[in-house]
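Trainee: This is the structure, below, for whatever I ask next.
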């Protein structure tokens, strides 16, 4: 059965503060998979999960107990807490989705199995080194076009599959404020590889990745309670992942699948969370665009630790927050390796 593809190799990670009634509409697509639910906010609150789902649930008390002092790297009162689920998973692949994301329909009116499309994206190579004008050459009905170098046609392993959203677009607060009624109704039947050397804004609400290839870089930063910034958690992870993928010869795809994003968040609340990030990203983006890794960076962990040093040295001048973030990046890697002990044969082993 197609919907059960990789059912023993993939976990679905969901951050939430509410009962997960939305899972009912995903039942036919998700019920054969294992769910990791990361409860944000008050740990004494009981989160209800519909019957029939195989899941484990972690709240803040669990995170503190499992990670001890290293739990400081996991955000509180922010969906960035989802990355704890990536860390405790033992599967090769992760799909993460927000609890306000519903099943979308394609132009024919058929329900879209988002997870199935993400799996297709991850299992086919990416083509970051040369752009194919027919987009993903591995999709049915497409191929490499005339003029595409044969030496590059094998592609590279796909580390990340970045899906999109119908209805409420993923806009920042200023755009939300000037376009409050705008909805995305365009279904574009396309998957493409983001070219090497090009950054992108990664949204975490409909995202899949190969945990073995890129997991240690999928840290959603320090956001939410006690932090000066929010809503940049997935952006930070995306920028870090992209430069590391470029360095290690991995690919990131974007496009299909779509989900239906049901609910617009409050633009005034969002503006309070985002306003520093809107200024800071004018320094952050050039930092990532100009970053080069040393030859010693042969694993994701090594890349990430080296990146943290550069964050401290260069972005620390922008604001003291980045000094704290750089330390948290190192703590995250220590926590990752604690729960996922490096193995000599692993491509991502960290030899410290």
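Placement of Cβ uses the backbone N, Cα and C atoms for every residue, glycine included.
When I checked TrEMBL for this same protein, it listed these features:
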SITE      146  site 'Required for activity'
CARBOHYD  146  N-linked glycosylation site
SITE      153  site 'Required for activity'
Trainee: Please work out which residue of 146, 153 has the most C-beta neighbours within 10 angstroms of its C-beta, and give that one of the recorded sites.
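Mentor: The residue with the densest Cβ neighbourhood is 153.
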Trainee: Between the Cα atoms of residue 146 (site 'Required for activity') and residue 153 (site 'Required for activity'), find the distance and write it as a whole number of Å.
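Mentor: That comes out at 12 Å between the alpha carbons.
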